[in-house]
Each structure stands twice: as C-alpha cells, then as structure tokens.
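Below is one structure, written out as structure tokens; the observations come after it.
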Amino acid sequence: MTFSVVIVAAGSGTRAGPGQAKQWRVLAGRPVLRWSVEAFLAAGAAEVVVVTTADGEAFLPRMLEGLQGWRSTLGGATRALSVQAGLAALSERPGAEPVMIHDAARPFVSRNVILALLGALSDADLALPALAVADTLKRQPTGEAAQTVSREHLWRAQTPQAARRDTLIAAYAAWTHGEPTDDAQVVEAAGGRIALTAGDPLLTKLTYPEDFAMAEHLAGVARVTRVGQGFDAHRWGPGEEVWLCGVAIKHDETLVGHSDADAGLHALTDAILGAIGEGDIGDHFPPTDPKWKGAASDQFLKHAVDLVTAKGGALVNVDVTLICERPKIKPHRQAMRERLAEILSIPVDRVSVKATTTEKMGFTGRGEGLAASAVVAVETPA
C-alpha cells in the first residue's frame, strides 16, 4: 500500500533552547528532519512534502541532499495552517493516498509504525500511534495541593497520523475551536472514527534541550550497521590504459570486460549491494545487455549508492584492495581515493585503497589478470 507524507517543519522550536530550530539541528551526524524523510522514503512513500519557513527553504537542499521524492512548501503561522498548506501541496497522482501527517521533531519513525497505521485505516477515518501512560499522573492547580489523576484509559498520542486527504481537508475546514493539538482532534470533532495503533518509545518528540541528549543515545538504537563485501576479476588484453577505482592509468595492457572492466568499482558496487541485500552487479546491469557495453562503471557505483539512500541508509566507510603484479598502484592511490569519495559523496578519510600481490602465484601472479576485493560498512534504519 502506498502513501504520501506531510512533514510539519515550520515551527520555531523555542522550548528546545537557543540556536537553530530543532528540525535543523544535527542528531548523530544528520539533521533531525532528514531522519524522518529518509524513513518515509525507505518505507515506500510516493511523495514527501516538507512544510517549512522561508528561511527553512534555504536549508532544505543541503539538509536533504541526495534524497529523491520530496519537495517543500511554505507553512503558516500555526501548525494547523501548516498542515493545511501541506495537504494543498500534495499531488493527486495515484499512490498519494492515504496521507500521513508527521512532526519533524520526531526523528525515529519505524517501518512497523507506518505499516500498522496503513492497516488500521480499513476500519477508521484516522489512525495514530499511541503509548499507554505508565507514570502516575498528578494535577496541581496554582496554589493548591497536588492531586492524583487516574491514568486508566489514557494514551500518549504520537505522529505520524494517517487519514485520507479529503478527510483531513474537510475536517480542518470545519474546525472552529482554536488551535488543535493534533490532527486526530480535528478529525474526531468532525465525527470521524479514530483508531490507536501500537506506539513506539523511540518515537519521542524533541521539545526541550535535555531531549537531544537522550536522542543522541536513541540514535544508536534506531540504526544498525551492515557490512558487505565484494570481489571482481578481469583478464588482461591488448590496450593502452586501464581503469581502476574510477581513474585512468596509462598501461601497456587493458582489462577486458563487457563494461570498462574497472574491477575496483565492480567489487565496491557488489559490496554495497550485498550490505543492503540487493543482489549483485549482474542483477542490475546484466552483461548480456548491449546497453552496458563499454559503459563507465561509475554509474554502477552511483546506482548502488542511490539504493542505499532510498533505504534511508548512509555509507560509513569503504575499503578496496587491488590484487595485481602491475601496474603499480601506489602512485595513483590518492587519486583513486579522491575519485571514490567524489562518487560516494563521503569524506576521503572514509575511503581506503590498498594494493597487494600474490607473490607470483595464481592468475594475478602470472600476469593473466587483476582482481579486486572490497568491504563496506553501511548504516541503515533498524
């Protein structure tokens, strides 16, 4: 089941302390907003509309660099007006229903929460994740003694909250009771049926300065590191240059293959695909397809990186080993590292390129071909 998303990111977040609004702050190396955008795209969102301020629009291209399937619109003076602006900005193409409204200050959206919401809409007009209240509640009016409040039947509402677009538009149009605290309140007032699904303790809202310290810890819980490895080999043939790790090297032979035979890029592509469970390079670029005859292998690697991004993941580091008697790799190693960093969009200090020989043993030792191995670490949503 497909869906679309409106992420409300137009607030000032003053309770979170001085400095940038909380949705633009960096959490475990990435902007708070990016966490939820990546999660929704990885779960299959047809489109994500980010509702922001005029100042925020300047941040978005940098904050969401490399992500496809999102766009922005300007919000209003209140959350309700911003939600309505986001609903108006959604396309009406197939796959845009239902709509999930989400607060940008809740970075840890899980696939399980999203799927539960989609399933609950078959019997409700709006579904939202919620947690049962576990703490004892106290009420203390000004100047009076504290009183215990029963927590029976009380739930803590979270976002995203899911409903059909026309349901939300009609409910907001009919709302006349001031500023609502969430979308469920608006739909409920319009006579809609509300369903609660299992909430997630990780789906905490960043409101106060101390919340960010806890979120830094939770970020490690909400992400997993996956490792992939790849291997490739090509035989030598007549030629005047060889491509290795995206760099052309003058040589008295070339590597023979269907594409440009860049064994370094092929091994690295396979390692990335392996880390995210997406098969191997032959599945995506079959050697039987004439389209890829003589193709530059950097496009294969970029495709693998795009798949990582689409899953809400990020490359941590890569390590490539070239196995050959010649050409000498050391004079070109830094250029290879820089080219790989450029293709992968990661800092060069996260890229390693090494070379070794097999001491004259085997096909590489006899000078019949060159081999490459690669290992990568990829961070993805848990």
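Cβ coordinates come from backbone N, Cα and C, glycine included.
Residues or ranges marked as region '2-C-methyl-D-erythritol 4-phosphate cytidylyltransferase' in Swiss-Prot (evidence: sequence analysis): 1-225. Taken from Swiss-Prot, the feature site 'Transition state stabilizer' applies to Arg15, Lys22, His258, Thr357, supported by sequence analysis. The site 'Positions MEP for the nucleophilic attack' annotation in Swiss-Prot covers Arg151, Lys205. Per Swiss-Prot, region '2-C-methyl-D-erythritol 2,4-cyclodiphosphate synthase' is recorded for 226-382, and the stated evidence type is sequence analysis. The 4-CDP-2-C-methyl-D-erythritol 2-phosphate binding site annotation in Swiss-Prot covers Asp232, Ala233, His234, His258, Ser259, Asp280, Ile281, Gly282, Thr356, Thr357, Thr358, Glu359, Phe363, Arg366 and is backed by sequence analysis. Swiss-Prot lists Asp232, His234, His266 with the feature divalent metal cation binding site.
Sequence features annotated in Swiss-Prot and their locations in the structure.
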residue : record                                                 : CB count, 10 Å
Arg151  : site 'Positions MEP for the nucleophilic attack'       : 13
Asp232  : 4-CDP-2-C-methyl-D-erythritol 2-phosphate binding site : 25
His234  : 4-CDP-2-C-methyl-D-erythritol 2-phosphate binding site : 21
His258  : site 'Transition state stabilizer'                     : 17
Ser259  : 4-CDP-2-C-methyl-D-erythritol 2-phosphate binding site : 20
His266  : divalent metal cation binding site                     : 27
Ile281  : 4-CDP-2-C-methyl-D-erythritol 2-phosphate binding site : 26
Thr356  : 4-CDP-2-C-methyl-D-erythritol 2-phosphate binding site : 13
Thr358  : 4-CDP-2-C-methyl-D-erythritol 2-phosphate binding site : 14
Phe363  : 4-CDP-2-C-methyl-D-erythritol 2-phosphate binding site : 15
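Cα separation, Thr356 (4-CDP-2-C-methyl-D-erythritol 2-phosphate binding site) to Lys22 (site 'Transition state stabilizer'), rounded: 48 Å. Residues Ala233, Leu255, Gly257, Ala261, Asp262, Ala263, Gly264, Leu265, Ala267, Ala371, Ala372 surround the recorded divalent metal cation site, their Cβ atoms falling within 8 Å of the Cβ centroid of Asp232, His234, His266, which are themselves excluded. Considering only the binding-site residues Asp232, His234, His266, Thr358, Lys205 (site 'Positions MEP for the nucleophilic attack') has His266 as its nearest partner by CA-CA distance. Closest by Cα distance to Phe363 (4-CDP-2-C-methyl-D-erythritol 2-phosphate binding site), from the recorded positions Lys22, Arg151, His266, is His266.
DSSP gives His234 (4-CDP-2-C-methyl-D-erythritol 2-phosphate binding site) a strand state. Lys205 (site 'Positions MEP for the nucleophilic attack') has a Cβ environment of 16 other Cβ atoms inside 10 Å. In this view, the densest Cβ surroundings among the recorded sites Lys22, Thr357 belong to Lys22, judged by other Cβ atoms lying within 10 Å. With respect to their backbone Cα atoms, His234 (4-CDP-2-C-methyl-D-erythritol 2-phosphate binding site) and His266 (divalent metal cation binding site) stand 10 Å from each other. Here the CA atom of Arg151 (site 'Positions MEP for the nucleophilic attack') lies 58 Å from the CA atom of His266 (divalent metal cation binding site). DSSP assigns Phe363 (4-CDP-2-C-methyl-D-erythritol 2-phosphate binding site) to a helical segment in the three-state reduction. Per-residue pLDDT, averaged along the region '2-C-methyl-D-erythritol 2,4-cyclodiphosphate synthase' (226-382), amounts to 94 for this model. On a Cα basis, Asp232 (4-CDP-2-C-methyl-D-erythritol 2-phosphate binding site) lies 15 Å away from Thr357 (site 'Transition state stabilizer'). Residue pair Asp232 (4-CDP-2-C-methyl-D-erythritol 2-phosphate binding site) / His258 (site 'Transition state stabilizer') shows a Cα separation of 13 Å. Ranking the recorded sites Lys22, Arg151, His258 by Cα distance from Thr358 (4-CDP-2-C-methyl-D-erythritol 2-phosphate binding site) puts His258 first.
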